[in-house]
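Accompanying notes for the structure given below.
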Amino acid sequence: MSRFVQDLSKAMSQDGASQFQEVIRQELELSVKKELEKILTTAPSHEFEHTKKDLDGFRKLFHRFLQEKGPSVDWGKIQRPPEDSIQPYEKIKARGLPDNVSSVLNKLVVVKLNGGLGTSMGCKGPKSLIGVRNENTFLDLTVQQIEHLNKTYDTDVPLVLMNSFNTDEDTKKILQKYNHCRVKIYTFNQSRYPRINKESLLPVAKNVSYSGENTEAWYPPGHGDIYASFYNSGLLDTFIGEGKEYIFVSNIDNLGATVDLYILNHLMNPPNGKPCEFVMEVTNKTRADVKGGTLTQYEGKLRLVEIAQVPKAHVDEFKSVSKFKIFNTNNLWISLAAVKRLQEQNAIDMEIIVNPKTLDGGLNVIQLETAVGAAIKSFENSLGINVPRSRFLPVKTTSDLLLVMSNLYSLNAGSLTMSEKREFPTVPLVKLGSSFTKVQDYLRRFESIPDMLELDHLTVSGDVTFGKNVSLKGTVIIIANHGDRIDIPPGAVLENKIVSGNLRILDH
């Protein structure tokens, strides 16, 4: 009789279903452990230690995944955060700046999350290398911003890129172009975890390679991995040794996430004398943000609650703009000393995000991830700061790209600011159809970016192209039905117009 069957019969005779499940769990953990050990034997000697750390990290995550079942929050315990735990930005700004700005800046490290590819916008390679404004990429703008700070205040703020195995090689190739910039640039890699078969829960990978048949067998486990991989890289200790105190973490595709001197001053000179270990920038929800994670009070601490954690019966309540008015921008300010302490105590607690995927061959897999902001509850004296919407300017689609390329924004030292010529501070709602999804197609359809200073809403669907010097105002809806094509002529001014049908402009 196999050991598994013996265990099973023993379990059944003892405590029924729960005991049975526990045995199954233990067997699964043992099977996964054996599979991971097999994979580790295929690692080349120079990658062995690094791979072992990754696989050990995955085993811990997998163990937690097997323990947790159902929504990870008890809805009855969720409360609105107390007034003083989320401060308005105006109050932080009113404290002004210190006499010596460079002294606080020299305590800062800027970390950009650079693990993502540009696939959702039809681009190969790292998303950070997509051109967003005047030929400048996300990475160019980031370097320009920090160089401007270092030159203006005679400081040494370094830039750190958290790459993934998907982006590391291409990013490193491009970094040499910044050799003469006044910014020290460091990189470290996110962990690389194995995807698991949805049915068997065993790793899909058979060896450490991530090419050939193994291309889809591995994944970067979400930005919550920053704490462990930053610590393991040795950079955390290096920066603490240099006297750095805080990291400012943000997504590289959020063009609003610039270093804010008022927030930094608040951290370095806390008004109540109690150092704040974690600041999350939040901003007011609009209808477009209803799925964003929100800050709540939970068991006496600030806690980030994501839509995936909410019991189904309460999802509509979670999306309510009146009850939960703010959402997480993923601009975070975190104490380096606190990260070191919590990492060494194994005390950083983040909910697991179970992300189902289907591989090209049709195999259903899951990947286990964590989110950087979810760790807020592990830090002491955490704070939310309700910042202006201008600090949240993510470019996820070509619709977002159209906004940041337009005359709605002006570019100065790598930072985008809303044009003073726009009469209202809100950003227009832009929805470009599937013909515009890929950057290449999008660029082909605009001879030049339209004037959008007075635009409120733009919807474009179907085969549509724009000539030079087009001006869009109010609400503009352009719909070319299947088989039709619409060419908006050069110099056209469309104000509160619906354009449909067929409009071809041919060269004479």
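Here the Cβ of each residue, glycine as well, is placed from N, Cα and C on the backbone.
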Residue in Gln79, Gln190, Gln297 which Swiss-Prot records at the UTP site where Leu113, Asn114, Gly115, Gly116, Lys127, Gly222, Asp253, Lys396 also bind: Gln190
Swiss-Prot annotation of region 'Oligomerization' - which of the ranges 301-352, 457-508 it falls on: 457-508
Further substrate ligand in Swiss-Prot, beside Gly115, Gly116, Asn251, Ile252, Asp253, within candidate set His223, His266: His223
Secondary-structure category, per DSSP, in which Gly115 (UTP binding site) falls: coil
Cβ neighbour count (within 10 Å, all chains shown) around Ser448 (phosphoserine): 12
Nearest of the recorded positions (Gly116, Ile252, Ser434, Ser448, Ser461) to Gly222 (UTP binding site) - Cα to Cα: Gly116
Long-range Cβ environment of Asp253 (substrate binding site), under 8 Å and at least 6 residues apart: Gly116, Lys127, Ser128, Phe138, Pro394, Val395, Lys396
Integer Cα-Cα distance in angstrom, His223 (substrate binding site) to Ser461 (phosphoserine): 34
